[in-house]
Amino acid sequence: MADCGPGAEPFIAKWLLDCIYSKRDMAGFAVGMLSIACWMVAQIPQLITNMKNKSAEALSAWFLAQWLLGDTCNLIGCLLNGDQLPTVTYTAMYFICMDVVMMMQYIYYGSLQRRLAHEESLSPVEGVTSRHWSRAARPTRVLACLALLMVVHLQWSGGATWSMASGLPEAGVVLNRRRLLWEWLPWWHWHHRIHHFLQQDRPLWARHMGTVIGYISSCFYLCSRVSQIVRNFSRKSAEGLALSMFACAITANLCYGLGILIRSYTLADLVSSAPWIIGSLGTVALDITIFTQGKSYGRRAAKEEQEEPLLGSPSAHAHA
């Protein structure tokens, strides 16, 4: 249970480790939950689209890499800063999980396509084909390395906790036979380990470092969207891109930033949360740009498809 004062909502304090005292707190909490709900489903349309197309080429490799790095810095910044809401920390953890899933999908379909293209290639110059294959594989190798590092990081986190007082890793929790079985369920285990970690007092250096990493996270988020915008522009198409993912991202980021603003009562609260406000609300304009690109390229493609039969008809040649 969260260490809340008198008057806090008991259910939320016990199960969600947050302290809700007023209607304003409840409004901010509800908006934050809506943000999490949007993110829970945001990337599912893109995952399904990739599965149907057996391809993820519509996505920029740098978009995925920078998105993962941004989410990783977001989580580290939240943990070091210590002033962020528990819902913010949980959302950051979920972001990383979904990023890894989409990244692995990108790697799998990219490798599959290159292998098929390599096998079907009839080029007599084998060296040219091999060099082309090697250059095309570089973005996937970068993503594969990032995914591997994330798996190692998560495995290490499962066996150790971080002591902010000493700055040294301490051994994981020792098994206690007297504990109830249900306390060892993964959700319960991580739920209370994170709660215990968030309750620790942070030294000043950790808070400053968390804020700096938070700003780095915002830069990664902004750059990731720019990478996808450039990718769409270079292809002159957004085919294969699930625009509903960006629609959900716009809604989620608006709710995410709004939830922080609602529950920031002082200027110090705003300054402490500034990196996460910028990272969420700052990407909204870029997400809208990507969404607009998709709609514009989609209308252009539909118009060209309608004009093709007319250009090929006898009447069209007669009037030419």
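Each position is counted from 1, following the chain as shown.
Note: Cβ is positioned from N, Cα and C throughout, glycine not excepted.
Annotation source TrEMBL lists transmembrane segment at 26-49 (among others).
Taken from TrEMBL, the feature transmembrane segment applies to 61-82 (among others).
Positions annotated as transmembrane segment by TrEMBL: 88-109 (among others).
Here TrEMBL flags 140-158 (among others) as transmembrane segment.
Per TrEMBL, transmembrane segment is recorded for 205-223 (among others). Residues 62, 66-67, 69-74, 76-83, 164, 272, 274-276, 278-279, 282-283, 286 of the same chain lie 6 or more positions beyond the ends of the transmembrane segment (205-223) yet place their CB under 8 Å from a CB of it.
What TrEMBL lists as transmembrane segment is 243-262 (among others). Among residues of the same chain six or more beyond the transmembrane segment (243-262), those with a C-beta under 8 A of the stretch's C-beta atoms are 24, 27-29, 31-32, 34-36, 38-39, 41-43, 45-46, 85, 87-88, 91, 270, 273, 276-277, 280-281, 283-284, 287-288, 290-291, 294-295.
According to TrEMBL, the transmembrane segment annotation covers 274-292 (among others).
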Distal contacts, the transmembrane segment (26-49) - CB-CB under 8 A, six or more residues away: 9, 12, 18, 20, 58-59, 85, 87-88, 90-91, 94-95, 98, 101-102, 105, 240-242, 244-245, 248-249, 251-253, 255-256, 258-263
